[in-house]
Amino acid sequence: MSDEVTYATLMLQDSARVRGNQDGNNLRKEGHPAQSSLWRGAALSLMTLCLVLVTGLVTLATMFLQVSNDINSDSEKLSQLQKSIHPQQDNLSESLNSSRKSLTEESLQSQISALLERQEQMATKLCKEFLIHASDHKCNPCPKTWQWYGNSCYYFSINEEKSWSDSRKDCIDKNATLVKIDSTEERDLLQSQLSLTFSFFWLGLSWNSSGRNWLWEDGSFPPPTLFSDKELASFNGSRDCAYFERGNIYASRCSAEIPWICEKTASLVKTEDLD
């Protein structure tokens, strides 16, 4: 009896063990699909991430190539620009140096001219002082028997009288012209000499029949500021030459014989003649 009980017990235990093993196997078989799905999801995510990374790398590589090409193109343009700028810079430098040199030369020339002018003024002033005490001083810029006033030398024909044409010829022989009055100062100066020498004299002014006007020997017109319109209107075609008297000009026959005055530019006063 006890043997039967023991056998029955063993059979029940074996049966229970078999069922337990079957249940465990069934549980393992049921759990495998869940793990496989999880791995597939992870793999898909990794593949997607790799695809995104590859796409990003390709995009970055494309952008890098584009930027590299742009840099190379800009470098070539910069190089060409530098090549074109260098000659311009050289030309600009040469022009600047030339301008500086020109300005320096002009400045020096201006200073030299100013110094020479100042020297001439001082020499002229000293010479006039010397001539007050010695009329024949060697610094005199005018020939002997000539009078020096301003920038001109004057020759007064004190003891001679000639026609206008002969007077003009005499002045030409002296490398001068019949006097031309350019300013009120010169007019007043000549007027002051009349009381000392003579009362009237020929002018280098004559009637131009073709132009129907009065002209100085250099072809210029007598200024209306020196002689009134009334005085100019007093001229007529029968009297073709002009003379000066008491501060005015008058017309006369050119054949009339009266004194005359020659005029020419005074020479520069030499500093070595001031000794």
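Using the three backbone atoms N, Cα and C, a Cβ is placed for every residue, glycine included.
Taken from Swiss-Prot, the feature topological domain 'Cytoplasmic' applies to 1-41, supported by sequence analysis.
Per Swiss-Prot, the feature motif 'ITIM motif' maps to 5-10.
Summarising the annotation, Swiss-Prot assigns phosphotyrosine to TYR7 and lists similarity to another entry as the type of evidence.
Among the features that Swiss-Prot reports, transmembrane segment is placed at 42-64.
Residues or ranges marked as topological domain 'Extracellular' by Swiss-Prot: 65-275.
Of all Cβ atoms in the protein chains displayed, 10 besides its own lie within 10 Å of the Cβ of ASN91 (N-linked glycosylation site). Taken from Swiss-Prot, the feature N-linked glycosylation site applies to ASN91 (among others).
The average per-residue pLDDT of the prediction over the domain 'C-type lectin' (149-263) is 85, rounded to a whole number. Among the features that Swiss-Prot reports, domain 'C-type lectin' is placed at 149-263.
For CYS171 (disulfide bond), other Cβ atoms within 10 Å of its Cβ number 23. Residues or ranges marked as disulfide bond by Swiss-Prot: CYS171-CYS262 (among others).
Around ASN175 (N-linked glycosylation site), taking its Cβ as the centre, 10 other Cβ atoms fall within 10 Å, counting all chains. DSSP assigns ASN175 (N-linked glycosylation site) to coil in the three-state reduction, outside any helix or strand. If you look up Swiss-Prot, you'll see ASN175 (among others) marked as N-linked glycosylation site, on the strength of sequence analysis.
Annotated N-linked glycosylation site per Swiss-Prot: ASN236 (among others), in sequence order, evidence recorded as sequence analysis.
The feature disulfide bond is assigned by Swiss-Prot to CYS241-CYS254 (among others), with sequence analysis given as support. Its own atom aside, the Cβ of CYS241 (disulfide bond) has 26 Cβ atoms within 10 angstroms in the protein chains shown.
Look at the domain 'C-type lectin' (149-263): DSSP puts its residues at 26 helix, 39 strand, 50 coil.
Among the listed disulfide-bonded residues, namely CYS254, CYS262, the Cβ with the most fellow Cβ atoms inside 10 Å is that of CYS262. Taking the Cα atom of each, CYS171 (disulfide bond) and CYS241 (disulfide bond) are about 16 angstrom apart. Under the DSSP three-state reduction, ASN91 (N-linked glycosylation site) is assigned to helix. Distance from the CA of CYS262 (disulfide bond) to the CA of CYS254 (disulfide bond) is 17 Å.
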